[in-house]
Structures are given as structure tokens and as C-alpha cells.
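What follows is a short report on a single structure.
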């Protein structure tokens, strides 16, 4: 744009940029829209090197897309945030945000200032969260374990493992309850990362299993080592136990050929001393991220200890946390002397190498500091196993959230329909400009039941109208307030009581997705100017060789 102030780039302002942003958001939402709900479809994504991913998870789909538009990137980050914070509801949060933007754009085109729309949206979001917490939550104490299983099944219903929902829901609930520990404040905590998920392709989904203890996809370093150790003392090392070699560039001038042997002997003695220091503390299970050469293995075999090499760093960290061990990247202390103390060892009741499914695994059972659990997944191929892992991660997060927040809300579009009716009535009580924005917010929420119905090949107009009628009755007539649990039954194509049907989602999933979607919509709505700078041109007068040829500079 030329003018009094020259900007070396493209500048678009006002109406143009807002419409562009809304279109970008809508196109991102359209990608994930068809994967929402229990009958949502999967996406196949192929990256630039030909790796194939088949998934139904909104966050994974958007993470693998290479998005150019800055406003669309906001929505991709939004799905990622929802995945990290809550673990589920990633698709719906993007769809709601895009719908909020679309409706806000309509209002701005009718000459309503974006600031009024933004304040209306903020107010609507606040009211919606308050209404959920006061009227729509079901306390988990009155439902017990069934509630956890139902919440896990609801999360899995749209995924590849939805067919065997009962089997996997029980497995997930058992896994989360197995890793429970109490923090300093006396609050129960469920670190989902303590559940190690291993994948082995072959057999059917139903042959997946839950194992008590941490399963390591490794075997002992030598066949001469014991395969089972009771009262294990575990050393976690982040370095290799190999014959020490002199650093490159170190030169030793020798006057006597016999001294060569002494140097070689010293090289092997350094490692031997290290191993003896470790074994002297009573360590009988040694896990290392590096390699262990044959010479070092000999010492462990003689001592009757179990040594495991090439353990993944991620696994080592989790085992150290569970057993109370300290991960050491060197034995040297601040003075430069090599020491190893018994306090650095972790403890477990038993470490055993077992053949599970078709693989040899090392199981670390009953660790001292925290308990851990492992799930071994079976599936037809790698794509299936990867998708099963993502589905289980979502379900684990959902069960964790239900246990921590102790409340759930009905699924199947029930919350969105109830909020839509409530906010429409609330909007009419407002005398200010925010009234229109709140009404649009209410209309935007209906995109979830609408999309659910469309994906299930049902008549969305008819179904959503019936659903709204039930919720209106529930809010107007106090005697029929039980109708507020009505959501969609997508397999039969009619509304039903989702509290009785056991379709539940954690309250925090709904609350966070509303808050995040509103914030993302507001962030994009506030933008009224986009300046995209041109890439910096090189200082070189002629640029590249081709430019020089074209310009005739080489003809001089």
C-alpha cells in the first residue's frame, strides 16, 4: 500500500479481513465437522513423506494439517489446548468457535459494533457456565462406578473402539483407579501418564489386556541374568555402561610398549569401578538408556543382578517417579569424584520378565512411591493400534476428570439445547445492545445437536426442534423439570432421557470448551487489520544467478 506511510506488504482492513477470518475458521470447522458424534466418520491424513494416519480425534486431525492462514491457526491451537487441558471435546470446541464467529460476522454486517458483540458473548458465556453448574450437573456419588464406565463409553462411542465399548470402558476405569494417589493437600490425584500403553499388532481388539505394574518393552541384557527379582532395588541411569574410551584428540606418548596394556587395563577398570559402586548399594535391577557392553554384563551376571539396556527416556522417568528412584546422568558429584548412594535407588516388590501376548516384557510390580498400570493393545494393523491408543488416552482423561470434579452432565446435545433455550430467554430480559449478541450465542450452540443429527443421517431440523421443545417445557414448567436430561438418541433418531441411558460427559469438558471457544472467537473478532509483510529481499543487487542472466549483467 503506497501512501504517506509505506508498508512493505499487503494490508487488508475492516470488513474484508473479518470475512476472511470467518471463512478460514469455517473451513477448519468443516474439516472436522463430519467426525463429531457416535456415528462420525474418520479422516485419513497423508503427510509429505507418505506416512498415513487414520483418526477421528479433532486435535490430531488439526495438528497434522499444515495451515497457512493465521486465523485458522488460532483454531488449530484451540483444539490442541482443549486436548492438553481436558483431553476430550476437541472437535466440538472448534465447531462452536467457528459458529460463534460466523454469527458474530452477521451482526457486524448489520452495523453492530464488534465491541458490543464481544461483551455480549462474554456475558453469555458467563451465564451459560453458571447455568450448567446450577441446573445441569449430576453428582457422581449418586451414580457410583457405573457413572465412570458410562462417561468412558460416551467418549469412546465415536472412536474405533466404540463397538467394544463395555470391555474397554471397564479396562480404562480399572486403570485410572489403579494409579490413584493422594497429594500433599490430601486431594486424590490420577496421573494419566502413569498408565503405559503398549501396542502389539495381531489378534483382535478384545484380546487387549490391563496389567498391574509398569510394563517395559525391553528384555534383560543377557540370558544368564535372573528373570525374576523379588524386593527389587532399582537404579535408573541415563548413560551407557561401556568400556571407557579416551576422547578423540587425546594423544598419549608412550616410551615403553608394556604401558599400552596398562592403559587398556585402566580403561576397563574405570567402568568396573562404576559398576561395583552401583552394586555395592544393593542395587539388583539396573535400567539404563544407553548400551551395556559384554564386559559390563559379565559383572552383573556374576552379581545376580538384572540389567536392562536401551530403555526409553520417557519410560525411565515414569519408573523413577513410581519407584522413588533418582535418574542419574553421571556418577560424578560436585567435587568430580564418582559416588552412588543407596538413597538414589527406587524400590519395587517384584521385577519379572514375562511373555505376554507374543512379546517378552519386563513388568515392574507394586512400586514404592506410586502404583502404575499398563495396557497392552492388540489390533489388526499399526493404524488401528495408533487410533486405539488415541481413543484410550481420551477416555482415560475423561475418567480422570469425572473423578476429580465429581460431576457429569448429560451428553447427546442436551446441554447445548438447554443453554440455547435459557440464553434466548435471558437475552430478551436484557435491554442493552448485548441482547442480539446473546441471542446469536444461543443460536450458535445449536450447531452441536445439528451436526450430531446430520452425521447420523437423521433429519436435523425435525430432531433439534423436538429437542428444543422438550427443554423449553423443562424450563417453563417446574413440574416437568426432569425433561432437562433429554438429549438425542442417534441410532433411533429420536430424543431420549440421556441420564437414564447413561450418556455422560465430565462437566469440565463442557465448561472449558465453552470458555475456550468464546475466547478464541473473541480473539479473532477483535482483529480489524492484517498486515502481511513481504519476505525480505536480499541486499545483493542482482540476486541469484538466473536473475543475473535475465538482467544481462553477465554480458558485460
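Every residue, even glycine, has its Cβ placed from backbone N, Cα and C.
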Candidate annotated in Swiss-Prot as N6-acetyllysine, out of 199, 484, 532:
199
Looking at 121, 181, 426, which residue has the phosphotyrosine feature per Swiss-Prot?
181
Additional site residue, 37, 50, 120 [criterion: listed by Swiss-Prot with 89, 90, 91 for ATP]:
37
Record-annotated phosphoserine (source Swiss-Prot) among candidates 268, 537, 544:
544
Anything within 10 Å of residue 91 (ATP binding site)? Look among the recorded positions 37, 494, 505, comparing CA atoms, and list what you find.
37
Cα proximity to residue 400 (N6-acetyllysine), best match among binding-site residues 37, 88, 89, 90:
88
To the nearest Å, how far is the Cα of residue 494 (N6-acetyllysine) from the Cα of residue 199 (N6-acetyllysine)?
38
If you measure from the Cα of residue 159 (ADP binding site), which of the recorded positions 89, 181, 199, 491 is the nearest?
89
From the Cα of residue 505 (ADP binding site) across to the Cα of residue 89 (ATP binding site), what is the distance in angstrom?
9
